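This report concerns only the one structure given below.
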Amino acid sequence: MEEKMSWIVAEAVDYKGFPADRSKTGGWIPATLILGIEIVERLSTMGIAVNLVTYMISVMHLPSSTAANTVTDFMGTSFLLCLLGGFLADSFLGRYKTIGIFASIQTLGTATLAISTKLPQLRPPSCPANSDSCKQANGFQMGILYLSLYLIALGTGGLKSSVSGFGSDQFDEKDEKEKSQMAYFFNRFFFFISFGTLAAVTVLVYLQDEVSRSLAYGICSVSMIVAIVVFLSGTKRYRYKKSLGSPIVHIFQVIVASIKKRKMQLPYNVGSLYEDTPEASRIEHTDQFRFLEKAAIVTEGDFETNASGSAPNPWKLCSLTRVEEVKMMVRLLPVWATTIIFWTTYAQMITFSVEQASTMERNMGSFQIPAGSLTVFFVAAILITLGVYDRLIMPLWKKWKGKPGFTDLQRIAIGLVLSILGMAVASACERKRLSVAKSVGGNHATLPISVFLLIPQFFLVGSGEAFIYTGQLDFFITRSPKGMKTMSTGLFLTTLSLGFFVSSFLVSVVKKVTGTRDGQGWLADNINNGRLDLFYGLLTILSFVNFVAFAVCAVWFKPKKPKQAAMQMGAINGSTAEEKC
């Protein structure tokens, strides 16, 4: 009997709802099937995003700033909808169904995009490059394009927040062997999905520019269909975790209960506060945000009688552990806010930097590099940085400091510094490009300057992403409560979303403040007549100010242990494991 129980995975069930058998479910094979759908998602989303700005300008005949904002709004919405996906997965559908449904929605979106780029009725008449007589796409044409883009955004957002969580469900944290496998899975997660990005910015972008956009987008649709079939083939092998309810509801319950009791005084003895959480699952008490602890003060009328006895009304009384879970989420917010600006700089790499590349010499012999494919240097920087960090920096750091690599906050800090350098270099490179444009005069389609001048900015921001993405993913997953990890993943992805939206906002403000009626200014309709270097300089300054704010937040993040409260809680806290989370 004991041997049989050892094969049962705690808190996990199989596809029939029976306790999951360790020998028949979970592990590397199911996790790999889940990872496959994320690789294809990255292939589709990035393959569309990195080259969309050139389509908007050259085919739909939109102004430069409008094209850039279309891309950043699309990407921002994709990541913002991760919150919706996380909420549905936690509250209603579960991660498995959420991934399957939203992957299908993304497939529908890419198929619609393939059709919209194929039919001549859905785009304006073609015209010579840099011509002032080009007719912009009408409302109906843009409407069909937006429909396809935001179907893709909905699909991306819905499945993205559940993929990493469902992948981690395939490993048992209480088993040392599987716990180490899960750590390996997360360490390599970003590395493998970067190959999806690599395929997107090379093969897919080449097909879009040199063969057919509709063919390239059709390949995205077919690839996702194959990925869905592969994903569904693992149904009998997956482990499923039962939903604990929406963490958003739990957070609001604590907030509402603490507001209702805002005039009450907290007891000196923390042990007097309400606690019904099993001893092994309790979280160590902290003295930050103590006003939230008023939600755990027991008063008359907090309990309700039902068929099974008396139970607290969660909108009036919350356990102290539930309050500490909310505190843990609140403590994430300052770091969350100060990482948004990085993704604003990242947005420039797939918008204005691609537009810069389209004006420069891109020939390698007889082969012309597609402008969107310049982001291959961005992806290469990510892969090289991850490889060097894994094989060189981590062993040296462990030998010197005794720790297996940089902490999550240190990686985020390195990423922010690299983004500052990247924007500073981008500003200098753009100044050089503009000087060439001014010297040759006229509306030259291609300037006599090599596109490889842009490589340093792609490498610096790409290396920054390698550090900040892995640092953020580690930070938001390991420092959040066990029952709120899907939500914290969604919170992490909203930094990407808001970064893109901040980019759109800055572009609109700068366009309005510096623009003129004839389409000139910092962000002119033709970037050869603008001052994109000053816009990059503005981002450099904003990134530096943000880094200072992040440094302050990082120092503040580590909560001070309460003097008296820690002693009082010592007797009732059976485990400090959740504090590490």
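Here the Cβ of each residue, glycine as well, is placed from N, Cα and C on the backbone.
What TrEMBL lists as transmembrane segment is 43-62, 74-93, 100-119, 139-159, 189-208, 214-234, 329-349, 369-389, 409-427, 447-469, 490-510, 534-557.
The highest tally of CB pairs under 8 A with the transmembrane segment (189-208), across 43-62, 369-389, 409-427, 447-469, 534-557, is held by 369-389.
Residues 29-30, 33-34, 36-37, 39-41, 43-44, 47-48, 99-100, 103-104, 106-107, 110-111, 113-115, 117-118, 204-205, 207-208 of the same chain lie 6 or more positions beyond the ends of the transmembrane segment (214-234) yet place their CB under 8 Å from a CB of it.
Counted over residue pairs separated by six or more positions, the transmembrane segment (139-159) shares fewer than 3 Cβ pairs under 8 angstroms with the transmembrane segment (409-427), which leaves the two as not touching. Between the transmembrane segment (369-389) and the stretches 43-62, 329-349, 534-557, it is 43-62 that has the most C-beta pairs under 8 angstroms. Scored on C-beta pairs under 8 angstroms, the neighbour of the transmembrane segment (409-427) with the top count among 329-349, 447-469, 490-510, 534-557 is 447-469. Proximity of distant same-chain residues to the transmembrane segment (100-119), defined by a Cβ-Cβ separation under 8 Å and at least 6 residues beyond the stretch ends, is recorded for 37, 41, 44, 48, 55, 85, 93, 144-145, 147-159, 212-215, 217-218, 220-221, 224-225, 227-228, 231-232.
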